[in-house]
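The feature oxalate binding site is assigned by TrEMBL to Asn108, His113, Glu118. If you look up TrEMBL, you'll see His111, His113, Glu118, His158 marked as Mn(2+) binding site. For Cys32-Cys47, the entry in TrEMBL reads disulfide bond. What TrEMBL lists as domain 'Cupin type-1' is 62-213. As annotated by TrEMBL, signal peptide applies to 1-22.
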Amino acid sequence: MAASPYFFVAAFLALVASQAIASDPSPLQDFCVADMYSPVKVNGFVCKDPMAVSADDFFKAANLDKPRDTMKSKVGSNVTLINVMQFPGLNTLGISIARIDYAPLGENPPHTHPRATEILTVLEGTLYVGFVTSNPNKLFAKVLNKGDVFVFPQGLIHFQFNPIHDRPAVAIAGLSSQNPGVITIANAVFGSKPPISDDVLAKAFQVEKGTIDWLQAQFWENNHY
């Protein structure tokens, strides 16, 4: 009996859906250490010759145990990301890591990772964290203490804030992509180059254009912090 045309439609939709929800593609070999010097452009990086790979390709002296300077940041945080750009051995493995240092009352402002889910562990201090869903924009938030874990779903706006005025905080985050990307909301909206029209933003935020012009000036003058 010939297969129903509806079967092929269903199969096609299932295939498209499976691709749509995928993040980094699954590896087709044990490893694919990135060849950062190859002129070939692909989605990711070309593999280094396996015969030239050594244990050092899977190691990085990242000093993630060392505190980072948060004083130079206007928002009071410092993110040390270890992704495929710093660690070629991560290529095709679908993972990266970050250390985040927070000054007292510092924050990692609202942002998204378009290609990764994030799981965050507090190493020291206290953090108020949360994420906002797609429309109708429900907030899920929690106060975390040392040893607590929180997960931020892929692509959703999220943040971390140190509510303690006299103590820093430290967290480690794992991300489900070799190159998760980051879009900091305020920087993207008010600090894009070239700038988004103040007519557009004034209408979106329901404020006067002068307010938008002032906000844009903060980000341009401070070079996106």
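Residue numbers in this text run from 1 along the chain shown.
Glycine too: its Cβ is placed from the backbone N, Cα and C atoms.
On the structure: features taken from TrEMBL.
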residue	record	Cβ within 10 Å
Cys32	disulfide bond	21
Cys47	disulfide bond	18
Asn108	oxalate binding site	27
His111	Mn(2+) binding site	19
His113	oxalate binding site	24
Glu118	oxalate binding site	22
His158	Mn(2+) binding site	22
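Only His158, of the recorded positions Cys32, Cys47, His158, have a C-alpha within 10 angstroms of the C-alpha of Asn108 (oxalate binding site). A gap of 26 Å separates the Cα atoms of Cys47 (disulfide bond) and Glu118 (oxalate binding site). Looking only at the domain 'Cupin type-1' (62-213), the predicted model's pLDDT averages out at 97. Taking the mean position of the Cβ atoms of Asn108, His113, Glu118 as the oxalate site, the remaining same-chain residues with a Cβ inside 8 Å of that point are Ala98, His111, Thr112, Ala116, Leu120, Phe152, His158, Ala173, Leu175, Pro180, Val182.
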